[in-house]
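In what follows, a single structure is set out as C-alpha cells and then discussed.
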Amino acid sequence: MQWPALRDWTFAIKTFVAAMLALYIAFSLGLERPYWAMASAYIAAQPLSGATRSKAVFRLFGTVIGAAAAVALVPPLVDTPELLSLALALWVAGCLYVALLDRTPRSYVAMLAGYTAAIIGFPSVNAPGAIFETALVRVEEIAIGVTIASLVAGVVFPRRVGYVLVVRINAWLSNARAWSRDALAGQGDPRQSARRLAADAVEINLLASHLSYEETSRETRHFDLLRARMIMLLPILSSITDRVVALSGRMPEAVARLVADVSAWVQQPSQPAEALLTRIHVQEAGLSQRTDWTALVLTGLLMRLRELVQALHDCTALHRAIDSGVIAEPALLFAPEATAASAWHRDPGMALLSAVACLVAILLACTAWIATAWQQGYVAAELVAVACSFFAAQDDPVPAIMNFLVWSVVGVVVNGVLLFGVLPGASGFPTLVLALAPPFILGGVMVSMPATSNSGRAFTANGATLLALQDAYRANLPTFVNSALAFILALALAAIVTRLIRSVGAGVSATRLLRVIWQELAVAAERRGGQDRARYAGLMLDRLGLIGPRLAETEEEVPANALADIRVGLNIIDLRRARHGVSAAVRARIDALLDALAAAYRARPRRRDDAVVLTRVDDALAAVAAAGPQPGRSDALLGLVGVRLGLFPDAAGP
C-alpha cells in the first residue's frame, strides 16, 4: 500500500479550499443549487494545473451545450414523457458516441453536453416553465466551480504539466536507449520493448495535450516535434534488430565497429553526431552498386542506423529545450518527411455499442420512473446517464462502475452522519467548513493518488451532490433516503446493462485492434496511389500503444508481433511510391507481391499465405536487382528487404 505524499495532501487541501470558495460565492449570489458549484470544483480538480484548466474549459463548454439542448427539448415534449425520455436518451447516447471517437481531453465537451442535458432536463419535467432559469443557474454554478478550481490550481503551489512531462520523457528516453543497446547487439525481445514504449508514448501524448493550458505554452511546439520522433524510434529499432540478427556472422568488420560506436554514442546522445553520420554515409556509398542479399541488408541497416542517430539526437535536443524552457527550436537532423503525423485510432463499433448501452439503460430507468411515479426517479435517470458516460472508454466499464457504486455508498453513509448528526449544530459558514473538512480532504487525497483516484472522485463529487447544501439547513430524511436509493439503483442498473451489452475483455480489444491493423495493411497493399506515410505511421503506432497494455492484462493467446506488421505497412507504402519509378516489367512483379500481401492480411487470422508471399517477395527482389538504374530502384529494394525481414526474419536469404 502506498501512503499519501506531501503533494497529495497539498492537492487535497487546495481542492477543498477551492470547493469552499465556490460554495461561498454561490451562497453569496443566492443561487438555487450552490452545491453544484462545490461538486464542479471537485470534478474539475486535477493533480496538474494545466489538466485542471483544460477540464474546466471543456466542462464549461459542455455544460452550455447540454443546457441549450435541455432548453430545446423539454418544453415541447414535457406532456409526452415517453417521447421526452427517448429524446434525452438519444441526445446523451449521441453525445457519448461523438466523445468516444475523440480520445483527447477535448472529448469531455461532448460527453458533458450529453449528461448535462439529462441532469437539467429530467428534474425539470415537474416545472418545465422554469427550464431556462434552471439551465442558466446550472451554467452559472458550474462556471463558478471550475473557475475557482482553475485559479486555485494555478496560483497555490501549482504542479505543472511541463515538469511532469519532462520527467516522463526522460524515463521514456532511458528505456529507448536501453532497447537501442539491445537492438544494436541483436538481443532482447523487441515486441516487449516496443509494447512498453508505445504504451508509454500514448500516455505521454495524452498528458502533453494539456500543455497549451499552462501559463506558458512554448513547450507545445517542441513536444509536437519530439513526439513524432519518439514514436518513429519504435519501427527503427525493430528494423535494426532484424537486420543485426540477419547479418550475424556476416557483418563486415568496419560496419561492426560502426554499430559498436553507435551503441556507445546512444548512451550519451548529447555528444556531436556528425562524425557518426559521416561514417555511415561512407559505408552506404561503398554498397551503392551491390544488389546481393547481404549488401541489401547492410544498406538497410546503415539507413536505420542513420535514422536512429538523427532521431535520438533530436529527442535529446528537444527534451533539453523543454526542460530548460528555451523558446528557439534546436537544430534538428531527422528529415521532416520521416516523422510520424499526429493520428488517433478510432473505434466506431465500440463507440456505437457504448452509446446503445447508455440509451437502453436510460430508457429502462425512465420506464421505471414513469411506471412507479417515483418522486426521485429523475435522480436515477440522470445518474444512469452519468455512469454510462464516465467509464465508456474502458474495455470493461463494469468494475469501474461498481467501484463508483461502492464509494457512492460510502459517501451516502458519511453524508447521512454529516446532515443529521453534525450540520444541525453548525452556526455559520466557518463551522460548516470545519465540519466538511475531514471527509472531503481525505477524499481529495484519494483523488490525487492514481490507485484511488476514481474512488475519491466518486466520494467527493457524489458526496457534494447528495449533501445538497443550501443557504440554510433544510435537510429532509425521506428526500435524502430517496435520493441515496436512486443513486444506488442507478449505478447498479448501469452496471447490469453495460455488462449485458457493452463489456469486453482486454484480449478481445487487442484482437480487434490487430484485425484493424491487418485490414488497413490489406487496403494499403491494394491501393496503387500515394498515401500519407507519416499519418499511417502515427496511426499504426498509436494502435500499437493501445495494444501493449491490453496484452499485458490478458492471458489469452493474442498475436503479439504487431510492430512487425506496422513495419511491413511502412514498407508497403514505400513500394507503392517506388513502383511509379520502375519499368513496367518490374512494376508487375511488385504489384503481384502487393496483391499477395493484401490477400494474406485479409485472410488473417484464419490462415496465412506465407509461402506465396515469400515467393512473390523473392521474385520482385530478383526483378528489381536485375533491372538497370531507375528512379525507384533503391526505394523498391529497401522496401522489399523490409517486407521480407518483417514477415520472414528466420528465412534464408534469396
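Glycine is treated like the rest: Cβ placed from N, Cα and C.
Annotated features, as they stand in TrEMBL:
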TRANSMEM  12-31  transmembrane segment
TRANSMEM  56-77  transmembrane segment
TRANSMEM  83-101  transmembrane segment
TRANSMEM  108-130  transmembrane segment
TRANSMEM  142-158  transmembrane segment
TRANSMEM  351-371  transmembrane segment
TRANSMEM  400-423  transmembrane segment
TRANSMEM  429-447  transmembrane segment
TRANSMEM  480-501  transmembrane segment
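Counted as Cβ pairs under 8 Å, contacts with the transmembrane segment (480-501) are highest for 351-371 among 108-130, 142-158, 351-371, 429-447. Long-range Cβ contacts of the transmembrane segment (108-130) within its own chain (Cβ-Cβ under 8 Å, at least 6 residues beyond either end) map to 55, 58-59, 61-63, 65-67, 69-70, 73-75, 78, 81, 84, 88, 91-96, 98-99, 102, 138, 362, 366, 378-379, 381-382, 385-386, 389-390.
Between the transmembrane segment (351-371) and the transmembrane segment (12-31), fewer than three CB pairs separated by 6 or more residues in sequence fall under 8 Å, so the two stretches do not touch.
The stretches the transmembrane segment (56-77) and the transmembrane segment (429-447) do not meet in space: the count of Cβ pairs below 8 angstroms, excluding pairs fewer than 6 apart in sequence, stays at fewer than three.
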